[in-house]
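Structure, as structure tokens:
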Amino acid sequence: MKRNFMMAALTGTALVATSALAEDATLTVESWRNDDLTLWQDKIIPAFEATHPGIKIKFSPSAPTEYNAVLNSKLDAGSAGDLITCRPFDASLALYEAGHLAALDDMTAMGNFSDVAKSAWQTDDGSASFCVPMASVIHGFIYNKDAFAELGLDVPTTEDEFFAALETIKEDGNYIPMAMGTNDQWEAATMGYNNIGPNYWKGEEGRKALIAGEQKLTEEQWVAPYATLAKWADYLGDGFEAQTYPDSQNLFTLGRAAIYPAGSWEISGFNAQADFEMGAFKPPVRAAGDTCYISDHTDIGIGMNASTAHPEAAKAFLSWVASPEFAEIFGNALPGFFPLSNAPVELEDPLAKEFVSWRGECESTIRSTYQILSRGTPNLENETWGASAAAIKGTETPEALAEELQSGLASWYEPQQ
Amino acid sequence: MHKPRIRWHIAIFLAPAVLIYTSVMIFPLFNTLRLALFSKVDQERVYVGLENFRTLFFDPIWSEQFWNALGNNFWFFLVHMLVQNPIGIALAALLSHPRLRFAALYRSAIFIPTILSFVIVGFAWKLILSPIWGIAPSMLDAVGLKSLFAPWLGKEEYALTTLAMISVWQFVGIPMMLIYAALLSIPEEMLEAGEIDGVTGFAAFWKIKLPLILPSIGIISILTFVGNFNAFDLIYASQGALAGPDFSTDILGTFMYRTFFGFQLQLGDPHMGSAIAGAMFAIILVGVCLYLFGIQTRMRRYQL
């Protein structure tokens with residue numbers, strides 16, 4: 001009797017398994033980009049399903065601030081989706097090391113990406129990649145074209161021209177020269193230090209040397225950006241110490257400020273808010289003719305849950321994400337989030353086009369603090385927020401700030417000891 | 001022999017409260033304390049004894065943050081004790097004045113902020129004090145005091161005091177209500193007896209009413225202490241998890257949150273976070289015990 005029951009149960013599961021094979025494979029995508037829900041439903045999923053019969057995609061985002069925690073508990077419980085949107089660097093690396101993300105090096109489509117693009121989702125030695133890079137954001141400055149025309153200003157290319165332009169705007173008095181506050185701290189680091197910094201530490205060269213321990217944060221190329229930031233204070237408008245990030249966005253889009261230190265993710269929001277024409281310029285170089293470096297920061301990737309029931313289907317989707325077709329859809333639907341594949345993509349938004357054109361003129365790098373260096377305590381990225389804000393406010397000298405950052409980093413990071 | 005009956009109904013009536021309290025308060029509390037004794041090494045949870053506490057108190061990086069947060073916490077508490085409670089007592093004394101008109105209106109108006117959410121209070125005050133859109137600069141300008149305005153929430157030296165004052169504004173209704181109730185319970189005959197002996201007005205307050213409401217003031221102090229050392233919401237809502245500028249508004253609650261859940265690139269560390277939570281628990285426990293055994297038992301009580 002018991003044996004019969006076992007047999008029945010076994011045939012039952014076998015039947016279920018075969019019927020599952022015959023059905024479509026449905027892949028669930030975990031993501032924190034709930035803003036992109038319509039983009040996925042209206043554009044990405046139909047485009048993919050049209051060319052890949054037998055695979056269905058379901059996009060299931062959660063709130064950005066909860067994503068990491070929700071994803072971790074789902075993965076531990078074995079209920080996570082088949083495809084996982086990857087945060088850059090350590091958050092995803094931890095998932096890979098815990099065996100939740102599958103290695104993707106055997107996918108030929110990974111060849112479509114440069115090393116910088118892949119660096120956010122690789123092991124420290126670069127031996128294994130576990131997410132397909134989807135998009136990056138580029139740093140620079142967005143400016144009010146009407147204001148520049150009114151004051152007869154040209155787009156600054158060197159630092160001297162940049163400060164001369166700020167001085168002109170300030171003297172005129174109609175506009176706040178630059179819209180940025182230090183209240184939320186991260187803008188000072190992200191749109192300040194890591195925006196202008198790559199020109200000082202020569203992008204990847206300096207960033208890699210820092211990781212290798214060949215350069216220190218107390219060296220000139222790492223300290224000088226703080227000295228430059230200190231000069232910004234005169235042009236930031238009254239009470240910038242308590243000005244928040246939304247304050248700065250509103251000041252600029254209301255036309256009260258002339259320049260906005262930006263990340264390209266602002267583009268779609270600004271397009272909707274501002275009723276004047278906007279342009280963008282890259283971080284000014286220190287002397288005319290210098291090579292320019294831009295922060296082309298890897299932000300979103302997508303990987304495969306190592307315990308997915310449909311690895312082949314998931315890989316088919318990931319290969320498609322790596323293709324130029326996906327890059328074109330994604331890049332145009334989300335101006336300001338730039339596809340990372342090597343294939344050229346035709347963008348329509350003029351501001352986004354301006355940003356992405358710098359890739360051809362300048363050397364790309366990523367934010368200096370993101371890879372490896374923010375793994376310990378104190379956390380270098382968080383410390384850099386505080387240091388950049390302090391530099392702008394002038395509460396400490398650049399040298400003293402660099403000294404603190406260096407001793408904090410050296411306290412746990414061996415190559416810097 | 002008559003065997004005493006087991007009184008089952010006591011256990012049954014207590015059970016719901018005991019079970020719920022145990023599962024949502026006592027168990028998590030002890031589990032957190034237990035978690036503080038572990039650490040994660042290579043994906044494995046290992047027992048490390050008091051190592052996390054040693055790191056917290058003696059590792060220069062951790063201890064600097066811990067003492068900074070604790071110091072800020074004491075300042076936060078001190079501002080409440082020196083500003084919120086005296087104002088609360090004064091308001092209660094005014095409200096209990098028999099000839100004051102519209103007392104009920106004032107009472108409700110002053111109490112209303114207490115029932116508002118921290119998020120609303122933090123956001124509203126951030127807007128009021130904003131140097132760009134706020135009404136604080138223009139109001140000061142209207143009375144010719146614009147030069148006194150500063151971006152208070154963005155300056156290291158003012159931010160914590162400003163937040164403490166916002167919290168005082170929000171919670172001044174609590175001591176006011178408690179003292180008001182205590183004042184109302186003072187029998188009229190006692191004050192009249194004082195009057196006959198020539199104790200009136202201010203003297204009556206200092207010599208008769210204040211000694212009688214001292215136990216209430218004690219209770220308010222301990223409530224303020226516990227509330228302030230558990231504070232987190234207002235700082236988080238207005239300054240974020242990094243408690244800027246430059247950690248000048250960082251208190252134990254925000255420090256614990258940042259460590260436990262992680263922030264931006266910093267990954268969460270539940271074990272160190274639990275150690276901080278354990279330290280907070282110990283501080284509050286010691287404070288409450290000091291009060292209960294050191295002050296409460298010595299306080300003179302009067303039979304009214």
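Cβ atoms are placed via backbone N, Cα and C, with glycine included.
Whatever TrEMBL says is automated annotation, not expert-curated.
Annotation source TrEMBL lists domain 'ABC transmembrane type-1' at B:70-293.
The annotation transmembrane segment is assigned in TrEMBL to B:12-30 (among others).
Positions annotated as transmembrane segment by TrEMBL: B:74-96 (among others).
Feature annotation from TrEMBL assigns transmembrane segment to B:108-128 (among others).
For B:158-183 (among others), the entry in TrEMBL reads transmembrane segment.
Here the transmembrane segment (B:212-232) has Cβ contacts under 8 Å with residues 73, 76-77, 80-81, 84-85, 88-89, 167, 171, 174-175, 178-179, 181-183, 186, 251-254, 256-257, 280, 283-284, 287-288, 291, 295-296, 299-302, 304 of the same chain, all six or more residues outside its ends. For B:212-232 (among others), the entry in TrEMBL reads transmembrane segment.
Within the chain carrying the transmembrane segment (B:275-294), a Cβ under 8 angstroms from the stretch's Cβ atoms is held by residues 29, 32-33, 36, 52-53, 55-56, 66, 70, 218, 221-222, 225-226, 229-230, 252-253, 255-256, 259-260, all 6 or more beyond its ends. According to TrEMBL, the feature transmembrane segment maps to B:275-294 (among others).
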Stretch of maximal Cβ-Cβ contact with the transmembrane segment (B:74-96) [cut-off: under 8 Å; candidates B:12-30, B:108-128, B:158-183]: B:158-183
Remote residues contacting the transmembrane segment (B:12-30) - C-beta distance under 8 A, at least 6 residues beyond either end: 281
